Amino acid sequence: MARDRREGLEIKVVNPPAATNNVSVETSPATATRRRRQQRASFAEFRPFKLWFPWLVPAIVVANIALFAISMFINNCPKNSAYCSARFLGRFAFQPMKENPLLGPSSLTLEKMGALDVSMVVHNHEVWRLFTCIWLHAGVFHVLANMLSLIFIGIRLEQEFGFVRIGLLYMISGFGGSLLSSLFNRAGISVGASGALFGLLGAMLSELLTNWTIYANKFAALLTLIFIIAINLAVGILPHVDNFAHLGGFTSGFLLGFVFLIRPQYGYFNQRNNPRGYAAPSAKSKHKPYQYVLWITSLVLLIAGYTTGLVVLLRGTDLNKHCSWCHYLSCIPTSLWSCKSQNVYCESSQIGQQMNLTCIANGKTEMYKLSNDIPSRVQQLCSQLCR
């Protein structure tokens, strides 16, 4: 996508004064070449929009990698590989695997560090998990894929719009992805920055639409962007991928793009950079009317959606009971995979202040310290132990 940054310039042609004594003035080729170079240099230096130095996106990448390393250290990987597991596609509704092709922290470790656990959000009101889960990752491939995507998408956006707007866009989109995920994915835990990344993609699309007049090759840019978004959303139909987080992040970013990434029209800059004494034919407003309409509409939808979603979530409502087909948005069953989780059974016994849980299918045993929320999480712990 290339933006047409050419500025409309008013050029006045002034007849040169008659040369005295009928002596014609000729400009040497060297002088003409030098003048053309100076004109090109002056044009290249003019930028209607400031370019920012990108530091926030690299800082986010470093923070995510550091937190992944810390989670592996807490989990005692790779020494304690029995409790490590690998994931490598998108945002995950995490479920441990028996195979261990690549190292990653266990679900219990991620839960301690702030993974999205709906039961804790609902019963303990730990709403902060909607933010902290976007900083955690389930495996090496998972964190590398997300961080490479963030570098590819985020640095260019930060250069053009600055760290404040892109930072807010990243965090709010990640929160929106976590919120929609928690309304539909009730079992297991979910981690990953994919919701925030899809928010950046959604913001790129809305930025293209709201600043339509400043783009060159706009239809080609639109089709390319839609194709990239469709391919990434299609990955979400695979099992164990939290596509609700992708959809929530994309929708949030799409609406936020109309709010944060709005550009003034070029005519506004033209009249500001006119020479002194030049009378512009008509004054240009900073933004076009449709930009204001999109700005207000998106802001209202964001506030209403987030408020409604939080109220429904904290009431413990499972939206799957009110939408019989919505689960197909996250996983479509085929002959190659199944979207249904298998039933697991465990035996439990209490020894003092600890509960001993044994998976009947594989014989694995784990001790858990009793707390107020343990009884409500027995099924989840059993599912984690048996996979």
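Keep in mind that glycine also has a Cβ here, set from the backbone N, Cα and C atoms.
For reference, TrEMBL has these:
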- 52-74: transmembrane segment (TRANSMEM)
- 125-261: domain 'Peptidase S54 rhomboid' (DOMAIN)
- 134-155: transmembrane segment (TRANSMEM)
- 162-181: transmembrane segment (TRANSMEM)
- 187-207: transmembrane segment (TRANSMEM)
- 219-238: transmembrane segment (TRANSMEM)
- 244-262: transmembrane segment (TRANSMEM)
- 292-314: transmembrane segment (TRANSMEM)
Stretch among 134-155, 162-181, 244-262 sharing the most Cβ pairs under 8 Å with the transmembrane segment (187-207): 244-262
Seg_contact(the transmembrane segment (292-314), the transmembrane segment (162-181)) with at least 3 CB pairs under 8 angstroms, min sep 6: yes
When counting Cβ pairs under 8 Å to the transmembrane segment (162-181), the leader among 52-74, 134-155, 219-238, 244-262: 244-262
Cβ contacts under 8 Å made by the transmembrane segment (244-262) with residues that lie 6+ beyond its boundaries: 90-91, 161, 165, 168-169, 172-181, 183-185, 190, 192, 194-207, 209-211, 229, 232-233, 236, 287, 291, 294-295, 297-299, 301-302, 329-330
Distant-in-sequence neighbours of the transmembrane segment (52-74), which means Cβ under 8 A and at least six residues beyond its ends: 84, 103-105, 109-110, 112-113, 135-137, 143, 146-147, 150-151, 154-155, 157-163, 166-167, 170, 193
